[in-house]
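Copied over from Swiss-Prot:
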type	residues	note
ACT_SITE	Cys58	active site, cysteine sulfenic acid (-SOH) intermediate
DISULFID	Cys58-Cys92	disulfide bond
DOMAIN	17-162	domain 'Thioredoxin'
Amino acid sequence: MKVKFKGKEVTLEGTEIKVGDTFPDFVAVNSSLEPVMLKNTNRVRVFLAVPSVDTPVCDLEVKTFNARASEIDGVSIYTISMDLPFAQSRWCGAEGIKNVTTLSDYRDRAFGKNTGTYIKELGLLARAVFVVDSSNKVTYANYLEEVSGYPNYDEVLQAAQAAK
């Protein structure tokens, strides 16, 4: 899998996730610094891997999914980055984010390494989107070729709706 960050090719560590795969286990950290595992939630989930919520591209991506979350009622949306939970919480509060849950991968990098989104050179996550159904099967996986690009919002929302 080849991914670029601002035009320069970077190395992704971990295993690339494909449609049909079982979504891997991981532990992330919530805004209260508590560990969170999401494997057996018995609902459809959208995972947005982003480098940092506090950058213009990530900011717009999360705000867009937050605004459009009602289009996929009953689906949980998670944004995961290497940001510290305090920074994520501050940003969400300042931006009024209520329909997307932020999680941090700073502690163990388990999400990044288990989904093949961890950028070795930068210690950040590559931009990727995964839709996971209630039986923990991946129904949509997209690693953006350029980390500074935007996902196809309509395509992701359609995939999430279809996974219900």
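Each residue, glycine too, has its Cβ placed from N, Cα and C.
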Collapsed DSSP category at Cys58 (active site, cysteine sulfenic acid (-SOH) intermediate)
helix
Entry from the recorded positions list Cys58, Cys92 having the most other CB atoms no farther than 10 A:
Cys58
Across the domain 'Thioredoxin' (17-162), what is the average pLDDT of the model, as a whole number?
96
CA pair Cys92 (disulfide bond) / Cys58 (active site, cysteine sulfenic acid (-SOH) intermediate), Å rounded to integer, equals 12
Please list, for the domain 'Thioredoxin' (17-162), how many residues fall into helix, strand and coil according to DSSP.
44 helix, 37 strand, 65 coil
